[in-house]
Each structure stands twice: as structure tokens, then as C-alpha cells.
Amino acid sequence: MPQNTLNIVILAAGKGTRMYSKMPKVLHRIGGKPMLGRVIDTAAALNPQNICVVVGHGKEQVLDTVKRDVVWVEQTEQLGTGHAVKTALPHLAAEGRTLVLYGDVPLIDVETLKTLLEAAGDKVGLLTDVPTDPTGLGRIIRDGNGSVTAIVEEKDASTAQKAVKETNTGILVLPNAKLENWLNSLSSNNAQGEYYLTDLIAKAVSDGIKVRPVRVRASHLAAGVNNKLQLAELERIFQTGQAQELLKAGVTLHDPARFDLRGRLKHGQDVVIDANCIFEGEIELGDNVEIGASCVIKNAKIGANTKIAPFSHLEDCEVGENNRIGPYARLRPQARLADDVHVGNFVEIKNAAIGKGTKANHLTYIGDAEVGSKTNFGAGTIIANYDGVHKHKTVIGNEVRIGSNCVLVAPVTLGNKVTTGAGSAITRNVEDGKLALARARQTVIEGWVRPEKDKQ
């Protein structure tokens, strides 16, 4: 097998006690994606021969959530990082190299790993850091010539060793030809009673194998997550990076510190996004789209020149050009709006196609419907689409005028240019051009006197 064969082992077996969560630590999300999923994506971008993910705590939940084409290996006992890599040995090539990554180090990037792999060659590669606070981290020990000789975990470190600022990130490149022998010779005679992967550095030095350290260019790239505070810190770093990329690409963000993208955002020119907006899944924004404050948009395509007013929620929907949406509007899955549509405050649309120029400006529910062009919904219109068992469709033609406080009881069809009187409950089809009234006739009672309270 060629010497440049690359295997990747991702360690993801830890419980994450300090997360105080029933969810396995590696499933907590950064940018809307499980941390482990992010690490697998980065690993896959290196085109390795295979990727082995070592799981343990919450194995079934991890496999159910992160559905990837990788080799899943179970570590039944959590006996340390060295033991975890050892469980993956049967799936690693006899030759080549193994890169060790971690499922709770979500921001490691391809550029950093390529630099490490290039520096390591066929020797040992070690990614190091000089963090602001090295507390709790393993220290990099060097000799008088500056060569790395060992990694000492803080619990096993002397006072002098604890004074060292350079720390171990845990990310290693190891030659497969030596890996099995090194792992088999590990001892658990340490403060943790575990098999440390870091002890392989001293073994490499003992065998005359050069250790080539590479310092990570930014600490957050190799930062691990052990608690919710660290998770939140990395989330904000990640979101800041995404905001900066969008700003460089010409998107106006009124407050980059209050912007969240949990997916991918494709955009045209002169897009404006106000504060506190959340974008999830696949988003496409056309030219001159404006998104008001505190909107939540998930898996949506929004056409050019459309304005989304504050506090609107859009999910799994498609919006045409020159639309006016909100404030406080809700577009639910399968809402499909043509061009020049107006959807106002407290209007909800679900599984409905809305034709060009149609308006529903106030307090309206449109569900399971097909609506033509230039139709107007009066305030308080409700499409009653559910009979308690089944959903039914409503068809509304072009240039229909629906009076305020009407109920359209599906299944029902209103032809073109139909008008319905305010307060009507429409239960039968209405032909083109007709006026439909379905309400009780008003009665005025002559001589009626309103009761008064007893003044005594």
C-alpha cells in the first residue's frame, strides 16, 4: 500500500459529563450542525482512504443522528485516548499515516490539517497551541535544541512543566507502520489510570522518529468543547466568521454580532439583513431583498426586491419577486407565493399557491389552497381546511374579493371575480362573477330596553 495512504480516526466516545445533558457531547450543535458532523465533513475534504469514528456513550443516538458513510467503531470501555485509537486499529492500513481528530473540536479546518500533514511527512506530526490560559491542558516538553520530547498531562506535570505555555491540541499524525507497536506498549500508570495517546510522542522520540510540531494559527480552531460555556463561545466565533464572509461579499448586516446562520445562504446584490435574524437550512435571497429584525427563515427561496418585515417566520417556502411580507407573518411548509404578493400582519399560509398580485393583509389563514392572481382577502378570513380527519383543498380564482370575517369551508371552489359578503360562511361552490352571502339577516328589535343594574 502506498506510503501516502491517509486514514483518519475521530474520537467521539466521551460522555461529556460537564455538559449536564442526556445528549452525547458530540451531538451538541455548532451553526446548526452536530459537532461530530462538522469534524466528519472536514475529514472527508482531505480525501482519506477511510474515516473511523470511535463511539461509546450514546452510540445508538450518535449513529441515528449522524448518518454518514464512515466506519463506526465502538469503545465499550472508556480507558483513554490511546485505548480509543487502538479499537480502530483493525480498520487502518498497514502502511501510510493516521490522522487523529476529535468529535468535540468542531472548528478544525482543512487548511490547518493540510499544513500539519505536509509538515509531518512520514514522521509524527503534532498540532500545538499557546492559549491564553493553558490550565487543564497537556504541556509540550522540548529539549535544549527545541525538539519535542514528550507531552505531559497537567495532572502528571511538575511545577516547572506546568509553567510551559505551549500545549497539546490532541491532533496527531502517526505512521501506521509504528502505530500498533506503540499502542500495545502504552501503560495506564498515571494520575488518570488511562492509556494516553500523548505518550506516543515519547515513544516516537525513543524510536528515533522525528516529531514535527505545527502551531495552530488561531486557538479556536483546535479548541475543544467540555461545557455549555465553551459551546456558546465557539458558536459565537463561528457565527462571527460567517458574518464577516457575508459582509465581504457585499451583504449588509446591521449588527453582525446579532446574526445566526445555521446552514447555507446564497445571495444576490444589495441584500440587507437587520439584527437578530436566524437563517436555517438552505436559503436563497435575490437582489435587493431586505429582511427586517428578528425574522426566522428556514429552507426558503426569496425573490428579488422582496421585503420581509420584522418578526416574520418563513419555513420550507418559496417567495417570488416584489413581495411584501409581514410584520408578524408566517409562511409554513409548501407556501408558494408568486410575484407582487402582499402577506400582512398575523397572516398564516400553509401548503398553498398564491397567484401574482394577491393580497392578504390582515389576520388571515390560508391552508391547502390554490389562489389565483389579484385576489384580495379581507381581514379575518379563514380557510377551514380540516374536518377533524382529513385535510381538504380550496380553489379560489382570479380577482376574487373575499369580505372580512369570512369562513371558506373546504372543499370549496370560488370562480373568477367572485365576491363574498363580510361575515359569510361559504360552504358551496360559487360560479364566476357571482356574489355569495351566507349569513343571518340582521334584525333590529324596536322598543327593546337594555337592562340596568339595580341602583339600590
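Using N, Cα and C of the backbone, Cβ positions are placed for all residues, glycine too.
What Swiss-Prot records for this protein:
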- 1-228: region 'Pyrophosphorylase' (REGION)
- 11-14, Lys25, Gln75, 80-81, 102-104, Gly138, Glu153, Asn168, Asn226, Arg332, Lys350, Tyr365, Asn376: UDP-N-acetyl-alpha-D-glucosamine binding site (BINDING)
- Asp104, Asn226: Mg(2+) binding site (BINDING)
- 229-249: region 'Linker' (REGION)
- 250-456: region 'N-acetyltransferase' (REGION)
- His362: active site, proton acceptor (ACT_SITE)
- Ala379, Asn385, Tyr386, Ser404, Ala422, Arg439: acetyl-CoA binding site (BINDING)
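Among the recorded positions Gly14, Gly103, Glu153, Arg332, His362, the residue whose Cα lies closest in space to that of Ala379 (acetyl-CoA binding site) is His362.
With the fewest other Cβ atoms inside 10 Å of its Cβ, the least crowded of the binding-site residues Asn376, Asn385 in this structure is Asn376. Of all Cβ atoms in the protein chains displayed, 26 besides its own lie within 10 Å of the Cβ of Leu11 (UDP-N-acetyl-alpha-D-glucosamine binding site).
Ranked by how many other Cβ atoms sit within 10 Å of their Cβ, the binding-site residues Asp104, Glu153 place Glu153 at the bottom. Residues within less than 8 Å, Cβ to Cβ, of Gly14 (UDP-N-acetyl-alpha-D-glucosamine binding site) and separated from it by at least 6 positions along the same chain comprise Lys25, Val26, Gly56, His57, Gln78, Asp104. Restricting the average to the region 'Pyrophosphorylase' (1-228) gives a pLDDT of 94. According to DSSP, Tyr386 (acetyl-CoA binding site) is assigned to a strand segment. Just so you know, of the binding-site residues Gly80, Gly103, the Cβ with the fewest other Cβ atoms around it within 10 Å is the one at Gly80.
Using a 10 Å Cα-Cα cut-off around Leu11 (UDP-N-acetyl-alpha-D-glucosamine binding site), the recorded positions Asn226, His362, Ala422 reduce to an empty set. Across the structure, Asn376 (UDP-N-acetyl-alpha-D-glucosamine binding site) and His362 (active site, proton acceptor) are spaced 11 Å apart at their Cα atoms. For Ser404 (acetyl-CoA binding site), the same-chain residues lying six or more positions away in sequence with a CB closer than 8 A to its CB are Gly378, Ala379, Gly380, Thr381, Ala422, Gly423. The binding-site residues in question are Ala379, Ala422, and the one with the fewest Cβ neighbours inside 10 Å is Ala422. Non-local contacts of Tyr386 (acetyl-CoA binding site) by the CB criterion (under 8 A, 6+ apart in sequence, same chain) comprise Gly367, His392.
The 10 Å shell around the Cβ of Asn226 (Mg(2+) binding site) contains 16 further Cβ atoms across the protein chains shown.
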